[in-house]
């Protein structure tokens, strides 16, 4: 398109709304956020220059060839008539209109059409009417054509030779979302700048550079309206336009303001993250800068807390300030203000040293007068990693001058820490360090002044054998008179003042010490490289650092002059003054026992108590002087801080008067502690303590319960002990008012022995302080011991006993004696004591064989009470032994190292202390005794039964599924045990080995598939799958025939079920052995096709689904086709839309990708769509998938015996496979106790109703003659085993009535008082559902009855006694039971036998064989559930006759007679049933769920969007370790039990569509992670949203002569952890769903066929039992069928080949299945996967599929 000549009119029109363009981007690196006025001018200049330089000819275009850019259209092309285009394109300037022409009379008049403003539109000629604006000076919107001869001059640029060009401007993109508006504005502003309109863009202050004209405003409005549709504008933009829809300038101004604000925030964050400070600027300025940035960010809503701010500041510190990183990095609560205080202090100290530093520049003549001598004349011997670097130093040595005065100079630490310095740092002179510079390579210069000292540094000397220092400021543990002679290189003596330790604290936060000599008679402080090498520190002159042998950098080395120096800032200062010189020679003192070791040895007692004990010889073997007390004052034991944390101290000295009034052992204090929960049955849950008032001697005894007889046994024992051992009689025992002390049994015992019980008074908390404080102290010690040792919690009483032994031997600060001394006993010999939990090896005197190891790892607990041995805990044997045959395990690790409070190991100290007890290894030194290994006298410690709680500490690795090494061959157990202080696994069952720990995050149940090649044989594939486990030799022969077998699959299965795409058929595991599947001839195939009974050889078309059946056995009486149609006809299968035969759905459309993440399972497999591939050619060993925990003594190693976890939290492994069933679910407690219902009930009306119910229950008990009222028995005359506690419980029934029940405490009933073989039977839910279904089909009347106080009609055979009810006022008496009281173990069985006998003998009923509590006669069927009876009969009079007979013997109430033909509502065993005879029956629980679900504290959303499915595919449960506090864990487990308990109750009643989710979540009850809880909440929410759903049954057609019982089966292969499969079955009677089951397969299946066979085999037994029940209740013939969507399963069942199967588990199930099918006249048919309603039992389904499969039978 040719450009026309422009006239000299002041206005130039343009044919496009986006007029001036350049093909060259302007400032591509320009920040789009920066839109200030200065930048806008730059854009204008750049755009002008670009436009002036670009020329095109009329026949060419400057637009680059780009398919995404629209090219100018010729004039002949008509304009498009469609709307605006969102595509980006290049715009071209059109032919100019006459000068001064403007279509608009006013900017507010916008007569344009949308398509004309489209970026894709280019008008053909000058007649086109477009918005235009006048061109002015400084805004070159266009350029004149060459024909005009005129030149348009721009005042803002010097270019006057502009030629005719065609300019193209890239328009802004279309705005598509309000959230994208900020980014869109940036591109829009850039578009205006490229269009030479930068001057009208508002600046930061909101004003443009120049005024905008009306035409420019119109152009602005039009372009903004086109590219920013109103529906995508933010709210604040719409608010501006609502006031003035043309005020685009205000929108741009506010947008620029927002961009500037965002830019400032980003700059502040970048500045804060890149802070740098080295002291070169004042600290005040640095603080002001940082605080201003933080304040601005906080004001803008970006909160920077103290921790983050301090980390950013410290990261930027360098030079002398860098040291703050290592002193402040542990302060968790440090503030910015505190950090700046340190920075100011260093800065002021630095400035002060600079101002006060004298001039050290030497006169050159001083060098000539220097007559100092050197310590040696050899070259420095430097220990370096690069030996060649050593030669770089000159032949100068460190000098120790024998001068009378020391040349002490002020020292400063100015070196910088550099880990990668490659050249030695050299300084001109020592003054360079005081010029405010860092000691870096930038300050390094070479100098000839090599003999000057570098202040504040130590000279590294390879020739010096000892380290010498002039100042005593850094000497630790200094001692005078060292008796050491030191000479210099000239053999002259150097007097030594003292010897001590020089302690270093290097930059890696490690501490090291070496010996140092103090003398003021040397010129330099010398650091011996030889002594550094002795502590594993070398000088590396390649890197110029001090480092360890492993390469850890400790400190930099500075080269100053000709020598190498290290800074003194790594020295730890000491306040100990060094004595004056004394040359008297004394030998070095012997090594003392470190205080931390003694502190741990003596049960973590405090230093004062230990010193008193050593002074008074209550602890023997060594004296007070043998302990190093230097660290005792400031020493903090982290184990004590954790274990003994307390609120405040108790009042001391409050009981001195009692100590003066009584003799020893006459006044005792006692108290009981407990219970301790979550312990095995063999471990005690309580302990009772006794303390003598005078001597403070303590005793502790374990208790398993607080029964009266247990307490009495302890009192008898301690009184006899005191009487026989101390010849004393106890006069007074002080105790609290607990029931264990106030009971009559103990009171009489004390009265009989002449002992006065002294009880505490009300609100007197101090009166019982002695016993309470002792229990608290022992408990503190217990926690500390368990924390320090890492032993499991079930050994808690051993820690209590160890602490008691030690504390009886420690002196009291007041009495100056120990309790043992007061009692006249000898002091405790500490050489016989071991630290609690000390690892030892115990000799096995009776091994299993001669080659069995003789040593058993164990842990020392405490000295034995009954021998001279020691109680040792043996984790591998789960028991404790009393033995002297042990040796202490040596090593270098310490439990204390994780707290970094001491780097010492105490092996040598422990060896010296217990030297006399280390001799059992040398058998020739001692004589072995036959009784050295004695079982402990404590029953609770022997044969410990570990609690099945989750372990506190877990092993970190699990077996990879691709690991070819069996778990038993792991080499962890082959490591030599040689570590001391090795931690025992906290709460870890010693049976758990590292190889059988369950699921790991890395473990995958999906095998990796490689080299998949299609064979072209109907979807068969060849897979190369890595082995999951080594295959035994016996399997080789079987696998050799793998290639001959086939797995026939149906090709058109529905999306998420088994297809030949999801489960790739493979030759070994996907199908059967070739000898098992019969060969089918062509004739047989043809015959089957003719009879429309397709075989598994050919897949029938999907639209012929009604004939997709394979009958297994054809009875002679019914044709095959009729049987098929009869069974499938009435089933509630989904109606599928018809499909065209020519349309083939994409089989991969809805399949999720196969990846390892699916194996972690959502809800244990939710999200699986059977997209798992079977294993090729070699089978996986079933032993590798066992989830049972096996005993393994070889798992004792150094790894799993350490526990570094804090005591407040536990890590729990996801042991999903350990949960066998939902049996552990605790029901929700709906009953109230007496105090809840009556005593403390604030609801007066409810309280009155409960009182009325209470009296009604008492009257009923008396009426039923429940107990013998003729005689009352004294409690002491009756065997306590036969005494049963009782209580009242209250509840509100569903009908609103209030009920009270007097029950016995059967949970604590002694086993000798009942026959464990008796069974309490109730009607099975399947029997009830079967009876209801038959009642609907046969128009039966349903009558509901209730027998009041049913159990009280049954006599009791055993001799049992109970305490009378409280209202009788006979607490000291017992009454004998005559009737079966509710709560007793035998009451249910007694009632069952009673009512069974009555129904059979008096009512003429008989019990159906195999179905307890189902009785029938010729007219009536009865279902019995405890005291509820459901009667079914076609004649209502027959029911009434039974009722009349029952009323003769029992108090029978008619709940619902069931007469009438209208809809009748029942509440039968929790089911809300609506029944209209001969029409329908609806089963639901809407009222019950509406009442119960809100009480679960689940955040329900009653008005929100309802969930349409209980779960969705693709959700996976993480199986990472769960770290959670113990209390929170118990709370969440209890919450899960409540939620899953209620869901399980509802699911098994009638919501069979939820059973898969319920079963899977039930496996995670002991793993209550946030994800599991959320999924559980989602399930409860779905139950709430669908609480009105009902199980719908319709009456069967009366023309049907037979009853049809069908089981539909399905399996989801390998979608559970550890290759387990989920199986499900749904049972239907006459087309009505009566039950369902979803569970995890007990065996690990290796193919989909095995899983399907497992599912069918699980359904057959129950199908046969139901068949027997139906035939007993209804005499019609019955047809039994089993439907499955697995053709290979049908083929195996049909086959008569009895060759050996692939494995015995698979073969056994298949053979049993064949026998059951053939022997029970059972039909097996194929059902399309799309119609298989059992799919909902095995996997989560999409919403559409879920509704399709369930809406026919539950809605």
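Every residue, even glycine, has its Cβ placed from backbone N, Cα and C.
From the candidate list 1535, 1578, 1650, 1652, the residue Swiss-Prot records in the Mg(2+) 3 site shared with 1610, 1685 is 1652.
Per Swiss-Prot, the candidate among 1337, 1346, 1518 that belongs to the Mg(2+) 2 site alongside 1427, 1428 is 1346.
Feature region 'Disordered', per Swiss-Prot, maps to range 1092-1111 of the set 932-951, 1092-1111, 1192-1211, 1212-1231. Residue 1652 (Mg(2+) 3 binding site) sits 41 Å from residue 1427 (Mg(2+) 2 binding site), counting Cα to Cα. Between residue 671 (Mg(2+) 1 binding site) and residue 1427 (Mg(2+) 2 binding site), the C-alpha separation comes to 46 Å. DSSP assigns residue 1685 (Mg(2+) 3 binding site) to coil in the three-state reduction, outside any helix or strand.
Neighbouring residues of the recorded Mg(2+) 2 site, listed in sequence order and excluding 1346, 1427, 1428, comprise 1345, 1347, 1350, 1425, 1426, 1429, 1455 (Cβ within 8 Å of the Cβ centroid).
Close to residue 1346 (Mg(2+) 2 binding site) in the fold, though at least 6 residues off in sequence, lie 1427, 1428, 1429, 1452, 1453, 1455, each with a CB less than 8 Å from its CB.
Between the candidate binding-site residues, 1610, 1685, the densest Cβ environment within 10 Å is the one around 1610. Per-residue confidence over the domain 'Reverse transcriptase Ty1/copia-type' (1338-1476) averages out at a pLDDT of 90. In terms of DSSP secondary structure, the domain 'Reverse transcriptase Ty1/copia-type' (1338-1476) contains 34 helix, 49 strand, 56 coil. Counting only the Cα atoms, the space from residue 1610 (Mg(2+) 3 binding site) to residue 736 (Mg(2+) 1 binding site) is about 63 angstrom. Within its own chain, residue 736 (Mg(2+) 1 binding site) has 671, 759, 760, 768 as residues 6 or more apart in sequence whose C-beta sits under 8 angstroms from its own. DSSP classifies residue 1652 (Mg(2+) 3 binding site) as helix under the three-state reduction. Taking the binding-site residues 671, 1652 in turn, the residue surrounded by the fewest other Cβ atoms inside 10 Å of its Cβ turns out to be 671.
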